[in-house]
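According to Swiss-Prot, the features are:
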- 20-243: topological domain 'Extracellular' (TOPO_DOM)
- ASN31: N-linked glycosylation site (CARBOHYD)
- ARG84, THR147: 4-aminobutanoate binding site (BINDING)
- ASN128: N-linked glycosylation site (CARBOHYD)
- ASN141: N-linked glycosylation site (CARBOHYD)
- CYS156-CYS170: disulfide bond (DISULFID)
- 244-264: transmembrane segment (TRANSMEM)
- 265-270: topological domain 'Cytoplasmic' (TOPO_DOM)
- 271-290: transmembrane segment (TRANSMEM)
- 291-304: topological domain 'Extracellular' (TOPO_DOM)
- 305-325: transmembrane segment (TRANSMEM)
- 326-422: topological domain 'Cytoplasmic' (TOPO_DOM)
- THR403: phosphothreonine (MOD_RES)
- 423-443: transmembrane segment (TRANSMEM)
- 444-453: topological domain 'Extracellular' (TOPO_DOM)
Amino acid sequence: MASSLPWLCIILWLENALGKLEVEGNFYSENVSRILDNLLEGYDNRLRPGFGGAVTEVKTDIYVTSFGPVSDVEMEYTMDVFFRQTWTDERLKFGGPTEILSLNNLMVSKIWTPDTFFRNGKKSIAHNMTTPNKLFRIMQNGTILYTMRLTINADCPMRLVNFPMDGHACPLKFGSYAYPKSEIIYTWKKGPLYSVEVPEESSSLLQYDLIGQTVSSETIKSNTGEYVIMTVYFHLQRKMGYFMIQIYTPCIMTVILSQVSFWINKESVPARTVFGITTVLTMTTLSISARHSLPKVSYATAMDWFIAVCFAFVFSALIEFAAVNYFTNLQTQKAKRKAQFAAPPTVTISKATEPLEAEIVLHPDSKYHLKKRITSLSLPIVSSSEANKVLTRAPILQSTPVTPPPLSPAFGGTSKIDQYSRILFPVAFAGFNLVYWVVYLSKDTMEVSSSVE
């Protein structure tokens, strides 16, 4: 009996302690409920804090959980963020056992909240699964923290003059929809450097690198007053890998391939013609496919200029062969005319002693196609019987063909145009590439955003 007494005392003490905790817990919850009831008693959520008096300051900051994708065709981007707003409402001050009241989204509809909207947003979604993704806290001094998880689809104006070596500053603009500057102002909670956070793992872009972000604020005027606009600029630099593989390398290889025709024999007309036409069609196909990933802008981009110059080189190679073929034919015709006037005629005279059978015959040459008729020598008039005797005695005429003059080395060798083209075309194309890449890669192509205030 004496040994069980200490255990009995311990059990009674534990029951007493647990009872006190339960009573304190019930008292705490009842006290918090009483605090909320007192806060909402006589509270009008239609009026902003300090209505008719001081300006309400709304402090904001943004945490980006996912950035991308970015659409060049639609000129827009998408991101998932935690959008936080903090302001002070003197009507919600309280005292009690707790310093912070952590409440759910049901409380949001019962108090005043800023009417913030995204000015350049095309579509914004507030997540509601499994419950509305909202955080709401009230501090003892009346400071309120209101956080929402949003997916924002915003407009990103792009000027693609330097595409694909371009960079863009995609803005996110927000402010009050109804309250002018005289009633609500927005500020950055953590200053201009730390109010927008974008972790490295949050950026999942295929064609861009997110190299940083800057913030600014401005005041705009409208018919209904002056409004404070907060802006975040997300700086994006385009990646070159895709376009080097799909556009630039095929264009360079096509131009080099077109210049191979300068080394093909000028007499191979079908081969060089097919070569030139095929490379021209290839460049046409590349230029069409390059535009598929771009909006229909009215100006030329850096890639358009490169493709245009490559197309000019390929087309010039085809024109070069046309010139070679033309001048080759011209030289051929000149050679034929020279051969016509330089070749001596073949004289054929019968071996008979009679002078009546002399006749000059100029035989046509099969290669130069030169024909000329020579009038036979006049024969004296004789009787038919004598003529028959003469013709019977006349031997068969024999002729010696004219040997055509040999072709000159310049006519049968490589064209001078081809010789010059073998040097000029590669040098010119290499010079163009040198200037093109030095200019664009050393150029600051990032769009300039507004200055930070």
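Using the three backbone atoms N, Cα and C, a Cβ is placed for every residue, glycine included.
Sequence-distant contacts of the topological domain 'Extracellular' (291-304) (same chain, at least 6 residues past either end, Cβ-Cβ under 8 Å): 72-75, 160-166, 243, 247-248, 440.
For ASN141 (N-linked glycosylation site), the spatially nearest entry among the recorded positions ASN128, THR147, CYS156, CYS170 is THR147, judged by CA separation. Closest in space to ASN31 (N-linked glycosylation site), of the recorded positions given as ARG84, ASN128, THR147, CYS156, CYS170, is THR147, taking the CA atom of each residue.
Look at ASN128 (N-linked glycosylation site): DSSP puts it in coil. The two recorded residues CYS170 (disulfide bond) and THR147 (4-aminobutanoate binding site) have their Cα atoms spaced 23 Å from each other. Tertiary proximity for the topological domain 'Cytoplasmic' (265-270) is limited to same-chain residues at least six positions away from its ends with a CB under 8 Å from its CB atoms, namely 321, 324-325, 328, 414-415, 418. The two recorded residues, CYS156 (disulfide bond) and ARG84 (4-aminobutanoate binding site), have Cα atoms 22 Å apart. For THR147 (4-aminobutanoate binding site) paired with ASN128 (N-linked glycosylation site), the C-alpha to C-alpha distance reads 13 Å. Within 10 Å of the C-beta of ARG84 (4-aminobutanoate binding site) we count 17 further C-beta atoms, all protein chains included. If you take the Cα of ASN128 (N-linked glycosylation site) and the Cα of ARG84 (4-aminobutanoate binding site), they are about 17 angstrom apart, rounded to a whole number.
Per-residue pLDDT, averaged across the topological domain 'Cytoplasmic' (326-422), gives 57. The helix, strand and coil residue counts that DSSP assigns across the topological domain 'Extracellular' (291-304) are 3 helix, 0 strand, 11 coil. Annotation note: THR147 (4-aminobutanoate binding site) sits in a strand segment as assigned by DSSP. Cβ contacts within 10 Å of THR147 (4-aminobutanoate binding site), excluding its own Cβ and spanning all protein chains shown: 16.
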